[in-house]
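Here is what Swiss-Prot says about this protein:
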ACT_SITE  D222  active site, proton donor
ACT_SITE  H244  active site
DISULFID  C45-C63  disulfide bond
DISULFID  C224-C240  disulfide bond
DISULFID  C349-C354  disulfide bond
DISULFID  C373-C382  disulfide bond
CARBOHYD  N261  N-linked glycosylation site
REPEAT    176-207  repeat 'PbH1 1'
REPEAT    208-229  repeat 'PbH1 2'
REPEAT    254-280  repeat 'PbH1 3'
REPEAT    288-310  repeat 'PbH1 4'
SIGNAL    1-19  signal peptide
Amino acid sequence: MVRQLILISSLLAAVAVRAAPADPAHPMVTEAPDVNLVEKRATTCTFSGSEGASKASKSKTSCSTIYLSDVAVPSGTTLDLSDLNDGTHVIFQGETTFGYEEWEGPLVRVSGTDITVEGESDAVLNGDGSRWWDGEGGNGGKTKPKFFYAHDLTSSTIKSIYIENSPVQVFSIDGSTDLTMTDITVDNTDGDTDDLAANTDGFDIGESTYITITGAEIYNQDDCVAINSGENIYFSASVCSGGHGLSIGSVGGRDDNTVKNVTFYDVNVLKSQQAIRIKTIYGDTGSVSEVTYHEIAFSDATDYGIVIEQNYDDTSKTPTTGVPITDFVLENIVGTCEDDDCTEVYIACGDGSCSDWTWTGVSVTGGSVSDDCLNVPSGISCDL
């Protein structure tokens, strides 16, 4: 009888062991997880100080979130965040600085798919451009590094970035698709002193499609935006001050010389050389089509209000027809020139190479009226 009770008790205990959940202190052995799933787990990395750039560049593919905190990038070195893993999130904190050296740059490079780059509220990328500024920009003098290469980005976002005192051009956007940039600030106002800063373009765009830039504030000494090639580009709700306004081109002389379906909307252009400009290269080929400027306000333009030139690189020559400008729309454009030294509207087209233009609600005052416009399209006038 005792043996039977012991046997029954043992059987019940065995069943209980099988049915009971595993003891947390002694977990049950489970099948090893798939290696690919482990690789996808979130890893947060923080890099800072003088070794931060080097460590970030070496370890970037091990991190899904990268914090760059008060990084001091050594001279002649790129903060290289190219070829990031899909979905990587990059966050700037504090002040990012760059050592001095005469070289072409860039100071920062980012590429990848589904990338997010952003700055925290106190973050600043400080180029300390006065160390390079000599009044010559990229045309001579010291060799100056370009600032930020947003090249080969796909389905990505750059937001809330504050850049101060770039040595020369700021954002180069090239080979990118479906890139959104919001709340970008470039403050190069220190370069206005003695006209020392030059060629400090805010956004240079080439060979890219579906680029959207909104909420930008650009204070610089060259084009706020220059679209050299690309399609489906949208720039809106922004301020451009002190530079060369909203530009298409120069178009011509590159591997890709097509600009198509571009919209500038709701932009204020202040104290700039001109507000609206299309520039194509004499003797070259390409095309500019479906470009719209809508709801643009500008004040105190110094050289031109609106300027279209098909001989941009040599205005002494008769404009050529190799880069036609078609389907060009200006709608609700209101602005002022600083004084009579500013030409309100200037158009220099090749014979028959500017067509299908529609201008409505365009008003430019305070400057002089040009008598030298060439081949003005039907329905358009240089005397508004």
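Keep in mind that glycine also has a Cβ here, set from the backbone N, Cα and C atoms.
A map of Swiss-Prot features onto the structure.
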residue	record	CB count, 10 Å
C45	disulfide bond	15
C63	disulfide bond	20
C224	disulfide bond	29
C240	disulfide bond	29
H244	active site	27
N261	N-linked glycosylation site	16
C349	disulfide bond	26
C354	disulfide bond	26
C373	disulfide bond	18
C382	disulfide bond	19
Among the ranges 176-207, 208-229, 254-280, the one whose Cβ pairs under 8 Å to the repeat 'PbH1 4' (288-310) are most numerous: 254-280
Which recorded positions sit within 10 Å of C349 (disulfide bond) - Cα, from C45, C63, H244, N261, C373: C373
Surrounding residues of the repeat 'PbH1 3' (254-280) on its own chain - C-beta under 8 Å, 6+ positions past either end: 206-207, 224-225, 227-248, 286-312, 322-323, 325, 328, 330, 333, 335, 338
Nearest of the recorded positions (D222, C224, C240, C382) to C63 (disulfide bond) - Cα to Cα: C224
Three-class DSSP secondary structure - C224 (disulfide bond): coil
Per-state residue totals over the repeat 'PbH1 3' (254-280) - DSSP helix, strand, coil: 0 helix, 18 strand, 9 coil
Integer Cα-Cα distance in angstrom, C382 (disulfide bond) to C45 (disulfide bond): 57
Between C240 (disulfide bond) and the residue listed as 'active site, proton donor': CA-CA distance (Å): 10
Whole-number Å value for how far C354 (disulfide bond) lies from C240 (disulfide bond) (Cα to Cα): 27
Mean per-residue pLDDT computed across the repeat 'PbH1 2' (208-229): 99
Residue from C45, C224, N261, C354, C373 whose C-alpha is spatially nearest that of the residue listed as 'active site', among the recorded positions: C224
C373 (disulfide bond): secondary structure state under DSSP, collapsed to three categories: coil
Pairwise Cα distance for C224 (disulfide bond)/the residue listed as 'N-linked glycosylation site' [Å, integer]: 19
Residue among recorded positions C45, N261, C354 with Cα closest to the Cα of C373 (disulfide bond): C354
Surrounding CB atoms that lie within 10 Å of the CB of the residue listed as 'active site, proton donor', all protein chains: 26
